[in-house]
Each structure stands twice: as C-alpha cells, then as structure tokens.
Amino acid sequence: MGQIQDQVLVIFGASGDLTYRKLIPALFDLFMQDLLPRNFTILGVSRTEFTDATFRDKMNDGIRQFAYFKNPSKEKLTVFDEKLHYLAIETKEASEYVKLQHKLKKIDHDHQTGGNYLFYLSTPPALYGLIPQFLAKFGLNKGHNGFPRLIIEKPFGEDVYSAFQLNKLLLEFFKEEQIYRIDHYLGKETVQNVLVTRFANGIYEPLWNRNYIDRVEITAAESLGVEGRGGYYDHAGALRDMVQNHLLQLVALVAMEPPTEISAGAIRNEKMKVFQSLRPLKEHDLFNSVIRGQYMSSNIRGGHFKGYREEVGVDPMSRTETYVALKFFIDNWRWGGVPFYIRTGKRMPTRVSEIVIHFKPTPHKLFVSNPDFWTMGNQLVLRIHPDEGILLKTGMKVPGAGFEVKTVNMDFHYKDLQETYVPGAYERLLLDGMMGDATLYTRGDGLEAAWCFVQPILDFWKHNPNAPLYGYPAGTWGPDCADKLIGGEKQTWRYPCKNLADDGIYCEL
Ligand code: BG6
C-alpha cells in the first residue's frame, strides 16, 4: 500500500445519518488499524450548530453502535476525538465559505496537514453542484501546496440529463482525476473478488463466454422496506436507486475483458466498453423485458407489514417501483446471445445480493436418470452478502447401483477465514480516496453511459403511466411474472437463502 499524505477530510453533511452510521465508524476502524495518515483531521461541516465537543459526543455514539471496533478504550477514543472538528455554515451561501477557508488554514497551521483537502459531499443532491462552485470561489479547488479532491455520494443525477449536467459542472471546477464518484458496492470486498475470481484463476476465464455460459443472473434483494426514506425513494424508485448504479457496476465487472493492469484507468476503460455494448432497450423490450412491482401490505412470519403506499412520505397513489427485473443483452464477441437477468426489490423474503453464472449443460446427456440436472447445468454463485463466499454447483454420482446424478455444492465461505479482518465498503473507499486511488470509484463517462441505458425505461414509464406495475405481498420474491422473463417453469431465478449453499422458495430466511 502506498504512503498516505497528511490531509484534512472535510465532510459536508456532517450532521446526517451517513456520517454518523458509516463514515465516522469507518474512519475509526481505519484509525484502530493504524491506517490513517500521521497528521490527519476530520472537519465536519453542515448547517446544524454543534461545538467540537457535542459533535464528538454524537460521533462517539455512532462509533459505539456501528464501528467494527465498537468497544474502544477511553484512551483510544480520546486520541481519535482530537482529530474531529466541526464548523457550522450555511452551505447554500457562497459567502459562508470564507469561514471554511479560514478554518482550513488554521487546521493546516495547527496540525501540519499540508494543504491537502479531501472534500466529501454527503449532502442532499441539490448541493452537489453548488458546493464545488463555492469551494472554487475561495480557491479551495486549487492545490497551492497540497491536493484538493472531491468525493461525491449517490445519487449522481436523477436522469441522464441531470447526470450529464452535473458532470459538466463539476469539470468546470475540478479535473476528472480529482473527482471520486462513490458507488459503495465497489467498496465491498466480495465485489472486488469478482475480478480476482475471474482473472486470478486459469480455470474460469476460458469458460467465461457465450460458448459455455447460458445466462447470467444478478439479484440484490432487501428484506427492509423504505425505512423512513419514503420522501426520497418515492421520487427515485428501484431503477434509479439500485439498477443504474450498483447492479450495472456488477454487470460491468462480470462482463468486462481482462484489464491490462490493476489501475483506475485500465479497469474503468474495460468497464466503459461493457456499458457501450449494452444493447439499447427498444419498445418491444420495454414491454416484454422490464418488470416493475410495488410491495403491498401482508401478514407474514407472525408480523404485519405495511404496503409501500402506506409508508411515511409516500404518495398514497404512488406508482413508484420498489421492485424491478430486467432482461438484456451485451452485444460483443464475448457475450453475443447470452441473456443477462437482473432484479432488485425491497421487502423481499431475505437480504441477499449475488451473481449467478449458469453454465450450459453438456452437449450429450449420458446419464439420463435425472432430467432436472440437465435443465439446470452447473452454476457458479458469487455471493456478495450475507454469508459471503463462492459456491459451485456440480453433478455427482449418487453412490450405489446405476448412474444417477445429483447436484452437490462446492463452497467457500469468508467466515471460514479465521482471523481475517474483512473491511467494510466505506472503510476501503475512504482509504482509497485518501490515497488518491480511483479504481473503485466510477468515472464520469461510465456513469453517463449507465444512465443512457436506463433512461428509455424511465421515459417509457413516464409516458405510459399505465404500463403494468405489479403488486407483490411484502415478504415475497416479487411479481410471479418475473419468472416468465427467464423462461417459465423449467428455468427460474435462483431463490437464494440466507446461507449461500441453500436455495429454493422455502428455506431459512
Ligand atoms: C443504497 C440504496 O445505495 O443501497 C438503498 O439507496 C439500499 O436503498 C442500499 O438499501 C443497499 O445497499 P446494501 O449494501 O445494503 O446492499
């Protein structure tokens, strides 16, 4: 790992939930592993009035709840607290940034942070265009002695037009190599392992193409509903919230060509080629290959679950999708003719994200006694969470007379790696941002290309408000017709369970 320069991390939106639940706990975990630079200060900025002391109290509470090292000694916490500072400003007012300019000068002087600033925008998206502009007004976008960098949270735009516009605006004040667009899925250890599985093992890559792969399936299911974010979610929906970013990033990692090296440029170039090869969805596809759903109230597992339209902040007549499933193709030599299926939904039976590679069955069916095995073929499951790991479903002879074949599991679980610390997504991304490594961040052009792919779906729904929106009872796997997308009774989605090695509609959730 490279040397990390001394710096100040400026978090805009410091009074918000993300700072409390994710950013500060992740920074504390880095601190506990001795991974922070020697001279390092965190400056929380937002409108809410805090003193350094009250900000520290609140952040300590977040650490105790959400950090991995949640029971630190008082001494450790005190040393970390000394790095935490706070500045209240009206972030919408350009003139207020003079206070930030002075504060940063003082921090540089008092803590020898070298004029290196990492600005983290964890604010409402309406400020993403303003803050960089105001930073520029006070010269904080220019490195005089040190570097300025900018990390931007999602959502990056609400459609293709606003995403292009935001990119354009950011580039007026910062260079592309200074802009770090977050997609927290890329910070997940298991997502990075997709690259290692593919490119560190000689056995997979020769099979990783249209000759051997029948279809690719990606699921990101959540058991929770919108959890107090109804106001935001009702304007976003599952397509913007999960597909445009997280799921298309997973598609890119599964489908990309081997990069020439592990570097931000090489990896992001290959991902970009995948986005450019996504076959645009035409009218026929929009009718037949996109399924949207919305969860309805239900009584399951002894509990009552509200329907989406009853959630706080949600329009009681809302037609926002809480579930979406898509079938599409990647038009290039590797993937010609191979369907990709992706789905995501809230209030599903369990929280699970995984990639399933379905291999084609053998060309000649020698062992005829188990037809089910032949329709299924081998599957490689890359589990992102929970029960992180990899599973290969393979055929084995049932001991005894004849040649009966059954499917068995070859599985690896991260939890078996005893004493290996698996860093959280924000921990990894913050560390990379501090080091200036953008490999796990999205590049402007890739993000725009992903928006270009989903925009026809948004337009279609907008102009055809009566396009089907299927209800599904909270706690189920979404609309039944999503199975038809794959092929009906013989082929369906994998219905994953909490445990990687189990599947089927009925299992421990
Ligand atoms: C966020 C979405 O980006 O990802 C949330 O805004 C969603 O709605 C979350 O719940 C899912 O992330 P994870 O890591 O829990 O799969």
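The first residue you see is number 1, and the count goes up from there.
Here the Cβ of each residue, glycine as well, is placed from N, Cα and C on the backbone.
TrEMBL: automatically predicted annotations, no manual curation.
The record from TrEMBL ties His184, Lys188, Glu222, Asp241 to substrate, and of the options Lys70, Lys74, Lys76, Lys346 it ties Lys346 to that site too. Taking Cβ-Cβ distances under 8 Å and a sequence gap of 6 or more within the same chain, the neighbours of His246 (active site, proton acceptor) are Asp183, His184, Tyr185, Ala220, Thr344. With respect to ligand 1, the binding-site residues Lys188, Asp241, Lys346 contribute Asp241 as residues with a C-beta closer than 6 angstroms to one of its atoms, given in sequence order. Neighbour counts of Cβ atoms within 10 Å were compared for the binding-site residues Lys154, Lys188, and the top value is held by Lys188. Residue annotation for substrate gives His184, Lys188, Glu222, Asp241, Lys346. The furthest Cα pair among them is separated by 20 Å. Here the C-alpha separation of Lys346 (substrate binding site) and Lys154 (NADP(+) binding site) works out to 18 Å.
Candidate binding-site residues: Arg47, His184, Lys346. Fewest other C-beta atoms within 10 angstroms, Arg47. For Asp241 (substrate binding site), applying a Cβ distance below 8 Å and a minimum sequence separation of six or more within one chain yields Pro155, Tyr233.
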